[in-house]
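Student: Below is a structure I'd like to ask you about.
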Amino acid sequence: MRRLPPVLLEDGCPRDLLSLVRTILAACKEISFRVGQGELSGVLGSTLDENIQGETQKKLDVLSNQLLKDILLESGYVKAIASEEEDYTVAGEPNAKYIVSFDPLDGSSNIDINSLVGTIFSIMEAPEGSDAADPSIFMQPGRKQVAAGYVLYGPSTMLALTTGKGTRLYTLDKTHGSFLLTQDFVSIPEETQEFAVNMSNQRHWQTPMQNYIADLLAGDTGPRAKNFNMRWIAAMVGDVHRVLSRGGIFTYPTDTKDPKKPNKLRLLYEANPMAFLVEQAGGLAIADGQPIMDIEPDAIHQRVEVILGSKNEVEKCLSYYK
Ligand code: F6P
Ligand code: MN
């Protein structure tokens, strides 16, 4: 592997934004260490609490949230944060320029089985003259993101980052503690034969998604005339990383399993940052027939459908809805 300099190669990116990304990465290095220590870190297992979405909080969810929250609010760069693990937005430096939304530990049901988890983040500018305590500063479409990324705590710890000029992958060199650029300008292949969906929800999907997946499963004897492979990591961060690495289509479609929750994934700190990374790598990211990043949010914990990945395959999937 050709080693590139241990700096974030985000050309033309404002220095304060880069410093803010580095601040997030400082917390992620600490989370990476704790995740890597596993049982030895004493933070496996659940707390007795639930988050606002009614999900049991894992000890590592709470710890990761606290690490990110503290470092961001103390950094001076951040006007307010919105986190999956916080009921409400939290105000920071009143005159700061940026707001950060994050999922501190995505895929946390994987923690106790020593499988993939990650941190997802999204950065926007706060509207000028806005109040740090006003949650409506987060009600901006994903197109307004100035940076987004995730840190994947896998066999190696990797960062996927975009500041709007392509998507890059960095690998944490644990001997130096720096994220080194290991893939410049990620490009998602337009064609794929791999899909990711939680098949156990099949009977609850809308008819177009049922028909689309049925045709994938039919393989070379069906209308698509080719065989498809399936993968499901149960951590969006891991599934999207595979899509960035070798293509594929990932979806968490709308379903009728729980009428109060037709969608699973959260717009601000899951769908939007992943959509930015995927679009910057040449892929598509859609919800209800429109680009995810065009959705005008109306609540910080809003959930949306997600269909993302290889351009031609996502378009094929959407054609079933027409
Ligand atoms: O954060 C929600 C999440 O854990 C995603 O990371 C993942 O894609 C999905 O939920 C897994 O859902 P399920 O439990 O239905 O497989
Ligand atoms: Mn998540």
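For all residues, glycine too, the Cβ spot is worked out from N, Cα and C.
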Student: Of GLU84, GLU85, GLU86, which one shares the Mg(2+) 1 site with ASP103, LEU105 in TrEMBL?
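Tutor: For the Mg(2+) 1 site that includes ASP103, LEU105, TrEMBL also lists GLU84.
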Student: Of GLU10, GLU194, GLU270, GLU279, which one shares the Mg(2+) 2 site with ASP103, ASP106 in TrEMBL?
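Tutor: Only hit among GLU10, GLU194, GLU270, GLU279 in TrEMBL's Mg(2+) 2 site, alongside ASP103, ASP106: GLU270.
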Student: About how far apart, in whole Å, are the alpha carbons (Cα) of SER109 (substrate binding site) and ASP103 (Mg(2+) 1 binding site)?
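Tutor: Pair distance, Cα basis, whole Å: 14 Å.
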Student: Around SER108 (substrate binding site), how many other CB atoms lie within 10 A of its CB?
Tutor: 23
Student: Can you tell me which of these binding-site residues sit near ligand 1, meaning the Cβ is under 6 Å from at least one of its atoms: GLU84, LEU105, GLY107, SER108?
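Tutor: Among the binding-site residues listed, those whose Cβ sits under 6 Å from ligand 1 are GLY107.
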Student: Those binding-site residues, ASP103, ASP106, SER108, SER109, ASN198: which ones have a Cβ sitting under 6 Å from ligand 2?
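Tutor: From ASP103, ASP106, SER108, SER109, ASN198, counting a Cβ under 6 Å from ligand 2 as near, the near ones are ASP103, ASP106.
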